[in-house]
């Protein structure tokens, strides 16, 4: 078995409780550490011991589909219903932990993210980014470049998105097969405690037993009442990713992540966009200050107009030579305001959990607005508020945080618990990103959320900001639009939230998310070193700009050293004096 050297630290050397460590323990020998893992340096019993690599463990487990511990009379240790990003992450981790694992998929491996969501949309956004740059004559001239008129092949762009989804889907399938995960095709239904039935139309159903079951069925686009979908002129993101047309004028209902990203794609390819937003401001899920700046950068300079505080009460697809009709009503009074006539309408009003047909009624579980109720450990709760043993739900189906990487993190957390290691995922440490040009990213609380929490708990919040205009790398790219914003506690230095708008914001956010996950305070992370010149220095300056609340010092005489130390010092002084007399 392959192995690699790893640092092994005795448990006695690490404080597991909430008590504060002494300055000497955190900074041995006067060495200053950034705080990410400062306690490791203080450990006197550091030793190097060989531990198996993750690849070696996976290969060993794959030989018997992870059945190291044995399934104890069950067909599987773990059965996962749904093979999206969340189910895939859970399956791979389960095999590495020695669990015999099966995954049931009724559609295609990869789920929404790979096939109809974040993966193909990034292919379209990559195209829009290039087109936007090539069409920006002022930007090109500032770099000394001359570019002739740029164009695009719509079908080739669509093929790029489709081919990327196919490649990633194949990679996910192959990775599970290579590790010995059994991929079972069909629709999974829970028929009782630790029992699952699966099958597809025209074939007899099969029933299997599992020590543990994870529901990972994801979500589908949410379409409000009164909206008629034809998939051609009125469509959801599922249809839009096929890019079967680029309309001259398209209305986008909803200005969240999905709506913003598609506005970036369509305007780059030549469309005019009209946003229809039910709330009083665009981008309602973002930090208000970031949303305000994003509007100036991503909306106002482009061929985009918008209606806020209105509902699209009825949308009729184009037919018989007539355009798409969108009836708008006031969100508060419900009175008719106007009717839009556009070439197409994209419905980007969020997503709904895909939980019908799971057989939850067989185990006394009632969904809440379609979401499966879970506790902080992702354990499913029944109608009486009790934990259903050996049953978990992750990802969009539980509604805690509808992001693909959140589903994967939840799945890994569940497998940790199944393997006997208690684990609770900190959802405030999970980052989110909007892949517009420039990008927007965030982790933790918005400023209003942080101030609300501060009012309840009685602490003071502070905010600092840095600009991309002061960053050397951003200026070299002529991409100075953007800011980074830090929200933190002035008394303790706890990081409450970080929000970034600017070049590669989606990549930069992870330093902040890891800091929140590890509990690193601003007074420690500001000593971390960043390469120069890089965009990461935006965060370096951000953390350095944070100022903590001064500690109150009581009025008293300067503190004296303790008596034992005074005696030692006196003894040393006497010895030195005696030595000098002897030399004389």
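Cβ atoms are placed via backbone N, Cα and C, with glycine included.
Caution: TrEMBL annotation is automatic and unverified by curators.
The active site, proton acceptor annotation in TrEMBL covers 532. Applying an 8 A CB threshold to same-chain residues 6+ apart, the list for residue 532 (active site, proton acceptor) reads 472.
Note on residue 404 (FAD binding site): other Cβ atoms within 10 Å of its Cβ, all shown chains, come to 23. What TrEMBL lists as FAD binding site is 122, 188, 217, 218, 219, 396, 402, 403, 404, 405.
The annotation NAD(+) binding site is assigned in TrEMBL to 254, 255, 256, 257, 258, 259, 260, 261, 277, 350. Just so you know, the Cβ of residue 256 (NAD(+) binding site) picks up 17 other Cβ atoms within 10 Å once every protein chain is counted.
Per TrEMBL, disulfide bond is recorded for 113-118. Here the Cβ of residue 118 (disulfide bond) has 19 other Cβ atoms within 10 Å, regardless of which shown protein chain they belong to.
According to TrEMBL, the domain 'FAD/NAD(P)-binding' annotation covers 76-411. Summarised as a single figure, the pLDDT of the domain 'FAD/NAD(P)-binding' (76-411) averages 93.
As annotated by TrEMBL, domain 'Pyridine nucleotide-disulphide oxidoreductase dimerisation' applies to 430-541.
Within 8 Å of the centroid defined by the CB atoms of 254, 255, 256, 257, 258, 259, 260, 261, 277, 350, the record's NAD(+) site, lie the Cβ atoms of 252, 262, 283, 348, excluding the listed residues themselves. Within the set of binding-site residues (217, 219), the lowest number of other Cβ atoms found within 10 Å of a Cβ is recorded at 219.
Residues within less than 8 Å, Cβ to Cβ, of residue 113 (disulfide bond) and separated from it by at least 6 positions along the same chain comprise 84, 85, 119, 404. The Cα of residue 260 (NAD(+) binding site) lies closest to that of 122, out of the binding-site residues 122, 217, 219. Sequence-distant contacts (6 or more apart, same chain, Cβ under 8 Å) of residue 122 (FAD binding site) comprise 164, 435. Maximum intra-site Cα distance, NAD(+) binding residues 254, 255, 256, 257, 258, 259, 260, 261, 277, 350: 15 Å.
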